[in-house]
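Below: the structure, in structure tokens.
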């Protein structure tokens with residue numbers, strides 16, 4: 001038979017984990033990959049030495065600038081100066097006051113304007129033209145309900161003879177009372193209780209073990225009762241118990 005390996009509980013004191021040097025924490029010195037949870041001080045860099053040929057390469061002007069005497073720190077301070085312009089071109093003729101017609105302008109800003117009338121030309125209809133007579137027009141019939149925008153009186157029509165309810169109806173073909181289906185009273189009344197007859201129950205078979213009253217232990221069930229304290233006996237000595245260290249005064 002195969003030997004069953006007994007599983008023991010895991011004790012944290014026996015586990016050997018990695019040391020502090022195993023973990024890689026972000027540095028707190030410098031600028032690159034700095035720990036974002038720590039404050040970072042200012043970083044400075046050293047520039048390379050400048051070239052000694054800077055004077056010969058740089059062609060910027062010296063301090064000898066020529067500044068006009070009229071320019072001050074408040075701006076240019078000088079008297080006004082004038083010049084004589086040449087004669088203008090006479091090709092453009094400026095219109096005089098009589099060139100405008102203000103009376104032709106449309107009324108603006110609510111101005112009132114008198115009515116204006118015009119005389120038109122003679123129409124093309126003359127006495128010799130074929131003008132239609134009044135009876136040439138065809139007006140729609142206003143009798144009945146054919147014109148939707150005209151009021152009309154009530155109109156009646158004669159229908160054909162009816163088969164149901166007519167004097168010639170054969171009453172022998174009328175369905176009797178048994179032809180109709182009756183409505184269930186439970187639909188429109190309060191439903192009464194209903195009972196059914198159940199089949200005979202089977203006799204119990206005592207072939208299986210039925211627990212008796214002594215099998216149960218109600219005294220162990222203390223969910224709704226106060227529970228007394230319980231004690232257990234543990235190991236007398238353990239190699240994982242920290243020894244008691246007391247400061248001893250000499």
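One is the number of the first residue shown, and numbering goes on along the chain from there.
Backbone N, Cα and C atoms are what each Cβ position is placed from, and that goes for glycine too.
It should be emphasised that the depicted structure is a prediction, and the values quoted were computed from it without experimental measurement.
Matching 48-83, 84-119 against TrEMBL, the residues noted as region 'Disordered' span 84-119. Applying DSSP to the compositional bias 'Polar residues' (180-192) sorts its residues as follows: 4 helix, 0 strand, 9 coil.
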